[in-house]
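Remarks on the structure that follows.
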Amino acid sequence: MNRTSHEFQLFRHLALTPYNLILLPFGIGMTLLAAIAAPGWQRWFLVFLVLVYLSNFSPDFRDYQAVNLSRIHWARHKQILSTGLAILMLATLGVAAVTFSPGTDWILAGGILTVLVYRLLRLPRPKEPWAETPQTRIESKGSSTVGWLAMTPMNQIIRAPQLKTWLGLWGSCLMVVLVIDLISAFLETPDALRSFSVALTIAFMTAVPVMKALGGSLDTWILFGGGRIRWAQQTALIGLTGPVMVLIFGALYISVGVSENTVTTVAVLLGVALTFPILITLLELGSRGSTWWASLAFIATTTVLLVLLALETLGGGTVLGLLFLQYLGFAMILPKMALRHVPFTGGIRSWFGSRLGERGN
C-alpha cells in the first residue's frame, strides 16, 4: 500500500466516522435555513449556529490517540474535513441564491471563509502534548461523576454519564427557548413553533454525545460484569430527566407568563422530551433488524398522534398522555434490546461499516 492510499484509509476511518457523516446534513440544513431566513434576529442566530458548527466540526482526537498518531496528523485531517464542509456550505449558499432568489448572503459566506482560514492557519503548538511525537498516553477528559452521587460502579458507569448528558442537553435547550421567547415577547411576535424548532435543532446537534453516553455506558457496564436488564431499567428511568426538567421549567414559565403561547411551547417541548430518548436509543443500540421494526413502530405511532392532533381529533393533553404510554412501552422493550446488543458494535455505526472505536468513553 503506497503512502497516498494509506493516508486515504486513515482519513476514511478516523475522520469520516459515522457520527461525522450523520452530523453533516444538519450543518448543510442550517446553512440553507440561514440563507433563506427573513432579515432579523432569527437569521443572525442561524448564522451564529452555522459558524459555531463549522468551528467545532472535527475528528475525535481520542481515535488518533488510540492508534498512537500525533496531534499533527489529527490537525491535518481536521483541516481537510473543515475545507470539505466549508465548500459544501458555500455551494448550499449558491444553490439557495439561484433557487430561492434571496440574493447571495455575503455576510454568511464571509464568516464561513473566515472560520475556514482560521482553522487552516491554526497549527498545534510545538510544546503541546502530542504535538510532535506519538505517545501512548491517553489524556484524561475529567471526571464523569456527579458530585451528589455516591462513588459506586452503577453511579460512575451508568447514572453519572447519562445524567450529565441529559442535564446538559435539556438545560441548553430550555435556556435557548427562554431567551427566544423573551425576545419574541419584547418584539411582540410570540411564536411557540420558533422556540420548538430551535430546541429541536440543538437536540439533534447533540444527538451524537447522547448516543455515545448511552452506548458507552452499556459497553462499560457489560465489560465490568453488570446485568443488562439492570442497565435498561436505569437508562429508561434516567431518560425521563428531560420531561421532568421541562415540567419544572414549564411550571415557572407559565406562572410568569412570558408570552401568549407559553402553554403551547411547554407542551411541544414535553412531547419532544418524551420522544427524543426513544429515537436516540433505537439508533444507538438497535441492530439492522431490531432497529427497523422498532423504529417503524415508533415513527408510525408518533406520526399518527401528530396527525390526530393537527386535525383536532385529539387534544394536546391526550396526545401527551399517549406519548407517555409510548415511552412506557419503550421502557418495556429496552431490556430485550440490551440483551441482544453486542458490546462495542451494532447500532447505526455499523450501518456505515465502522471499525474503529468511534464510541469514545
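Cβ from N, Cα, C; glycine included.
According to TrEMBL, the transmembrane segment annotation covers 21-38 (among others).
Listed by sequence, the residues of this chain that lie at least six past the ends of the transmembrane segment (44-59) yet keep a Cβ under 8 A from its Cβ atoms are 14-15, 17, 20, 23, 26-27, 30-31, 33-34, 37, 74, 77-78, 81-82, 85-86, 89, 107-108, 111-112, 115-116, 119, 180, 198, 201, 205. Look at TrEMBL and you will find 44-59 (among others) tagged as transmembrane segment.
What TrEMBL lists as transmembrane segment is 80-100 (among others).
Long-range neighbours of the transmembrane segment (106-121) within the same chain, counting only residues 6 or more positions beyond its ends whose Cβ lies under 8 Å from a Cβ of the stretch, are 31, 34-35, 47, 50-51, 54-55, 78-79, 82-83, 86, 89-90, 93. TrEMBL lists 106-121 (among others) with the feature transmembrane segment.
Under the heading transmembrane segment, TrEMBL lists 166-187 (among others).
TrEMBL lists 193-214 (among others) with the feature transmembrane segment.
TrEMBL lists 235-256 (among others) with the feature transmembrane segment.
Per TrEMBL, transmembrane segment is recorded for 262-285 (among others).
TrEMBL lists 292-311 (among others) with the feature transmembrane segment. For the transmembrane segment (292-311), the residues of the chain that approach it from at least six positions outside its boundaries are 275, 278-279, 282-283, 286, 319, 322-323, 326, 330, 333, 337, judged by C-beta separation under 8 angstroms.
TrEMBL lists 317-334 (among others) with the feature transmembrane segment. Packing against the transmembrane segment (317-334) from elsewhere in the chain are residues 232-233, 235-236, 239-240, 243, 267, 270-271, 274-275, 277-278, 281, 294, 298, 301-302, 305-306, 308-309: each is 6 or more residues past its ends and has a CB under 8 Å from a CB in it.
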